[in-house]
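Peer 1: The structure is given below, and queries will be raised subsequently.
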Amino acid sequence: MEKFYSVISLLVFIVEVSAITKYELKSVCDGRSQILTIPTDGDMLLTQSPSDPLLPNMTYESKDCVNSRLDIYDEQGTSVNKALTGPNGVCGNRESLDLYYNSTQQYMTFKFRDVNQTSDFRVVLTAAHTGTCQESEFGCGNGFCIRRHLECNGYNNCGNNIDELVCVVELAAGLIVVIIIGTILAIIFANVNSIQTKYFKSTCNKTVPIPDEGDILFVIDKGHRLSKSPCTVFVLNPNSSSRVLVYLNTFKINTSNRCRQSRLEIFDDHGRNKTLTGPNGLCGSVKKDLYNSTQQNMTFTVHDKKGTATITLLVTSARKAEKGACHGNELNCENDFCIPGNLACNGYNNCGNGIDELTCVLALAVGVIIAIVIDNFKLECGGKPIQITNGAITLSYYTTSPIDLNTTCTVRVFSPISKYPANVIAYFRTFVTDYSQNCVNSRLEIFDSLEPTGRAISGQNGLCGTKTRVALYYNSSQPYMTFRFRDVKRISHFQITITAAHTGSCENKEFKCSNGFCIDNSLVCNGYNNCGNRDDQITCDVLVLTAGAIVGIVFGSLVTVIAIPLCIIYLICRPRRRRMMYRQV
């Protein structure tokens, strides 16, 4: 049957050999030949997606690749006798293609024609040579040498996957180490330095407010014994609607006759009228380790005549749950109390029953895996606007790759959401620059537009100093956000989570943040604060799991991660039968 089509797009471009730089096919094709130089790092990625077609939508059948097809030539040109893909080119799916093609010179030419508008491919282009490989190079086993840093980069640069095969075992081993070490650190040491610590000896007869972070430690240890006994400390919760929750994190007071010589007494409210620990106080081994006030205040009195007490009291701002429910920015302790959501997974048992820390093992394991999926963009000045892919990206800057001292760097991002009033949320995971008055030196500015000429949502002077001097997150009023940065003293570093969001009604596949934004469901419990107020990280279903279930899931995950590389090692290293081979002498 005769085929008719109104437009055929013939796209020709040439790649000259000169680690992964990405080019979208449509952005480098304009009807004429173009030369793309492989960067000095050694490789680049060429992509074509049906979501960004080259032609208006048309559907045709194709036989012998007469319609859509890709031709590859071993030269800087398109001579038929230099076609690596044969006279008909290649079409169909990957199974019908060779795994890789190689040129015999430093050029390779691609000619692509897309009629059906369903084409989708990714081509990894690698600079290679034959002959003896140097120490700085990797031998592919197929006669080619590539740069060693391309090994285990996630791309099949050799063409036979040999440069990536060893990485499976290394990656699995690395994940095991990350999960084990990270779990221990998350449970024991996470955010330890962020909690205020007060010693009883320096706070006797004083009123100490619970800080804005929501918790505080009161300590007696070997290096900070009481200078006088008894010692009374008054604790105040500045939030009038909240109460005081105290957990005996460490408690060691020798047993005496009815605790007469050494004891801890806890009182409800300011003063010693309403005891929570009974007439004798606490000493020796205690059956109850969690106490709560009914007012804004709580009072502690320590008697330690022998100077041997060791006490660590974890004091937390808590609110009585209303009909078992907590606010969106709170964590439900499942014991009728709600605590600030930022205290989840901080290494301390703020709830008193461990529910705020039980989720951390699984959350960390899931977060490590999911976090790999989120694209990370390094600060690159003056490029094209960056699209927020998969719902969220991160934007990072480190002094290991600094911008020029006299350069003001501008980065623009945009959200692909179009059917709602779209927004962009920027949450500062880390932020450090040198501080100067009015930020006249190094500073970061954020604009509610696609150019640095719109409304400055980071204030008139921008941001400088540390994260404590900036808001936790900023949001735009439209699907754009622009960052303008200047680094004077080369001590700056930051990482920003940038999330595509919208206001209005959320769809079934979206998560509703309490600040009015809707984000993609896939971002919930991914280890990033995509809502900006942690809603997506503290309301996860994993919180309802029991300790046994969490341990079982983590154990099963570890077994799986260990078993996979062991099987691969066995398959690679097991003895194999060899065919008899004869060689004429």
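Glycine is no exception: its Cβ is also placed from the backbone N, Cα and C atoms.
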Peer 1: Have a look at TrEMBL and say which candidate in CYS133, CYS140, CYS145, CYS167 forms the disulphide with CYS158.
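Peer 2: Disulfide partner per TrEMBL record: CYS140.
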Peer 1: Of the residues CYS513, CYS518, CYS540, which one does TrEMBL pair with CYS531 through a disulfide?
Peer 2: CYS513
Peer 1: Taking TrEMBL as the reference, CYS145 is linked by a disulphide to which residue in CYS133, CYS152?
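Peer 2: Partner cysteine, according to TrEMBL: CYS133.
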Peer 1: Identify the disulfide partner of CYS351 as annotated in TrEMBL; candidates are CYS326, CYS333, CYS381.
Peer 2: CYS333
Peer 1: Say you check the Cα of CYS338 (disulfide bond) against those of the disulfide-bonded residues CYS145, CYS345, CYS351, CYS518; which is nearest?
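Peer 2: It is CYS351, whose Cα lies nearest.
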Peer 1: If you measure CYS525 (disulfide bond) to CYS506 (disulfide bond) at Cα, how many Å is it?
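Peer 2: For CYS525 (disulfide bond) versus CYS506 (disulfide bond), the Cα atoms are 18 Å apart.
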Peer 1: Taking each of the disulfide-bonded residues CYS152, CYS338, CYS513 in turn and counting other Cβ atoms within 10 Å of its Cβ, which one has the fewest?
Peer 2: CYS152
Peer 1: What's the CA to CA span in angstrom from CYS133 (disulfide bond) over to CYS531 (disulfide bond)?
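Peer 2: On Cα coordinates alone, these residues lie 50 Å apart.
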Peer 1: Averaged over the domain 'CUB' (381-501), what pLDDT does the prediction give?
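Peer 2: A mean pLDDT of 86 is what the predicted model shows over the domain 'CUB' (381-501).
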Peer 1: For CYS506 (disulfide bond) and CYS152 (disulfide bond), what Cα-Cα distance in Å is obtained after rounding to a whole number?
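Peer 2: Distance (Cα to Cα, whole Å): 40 Å.
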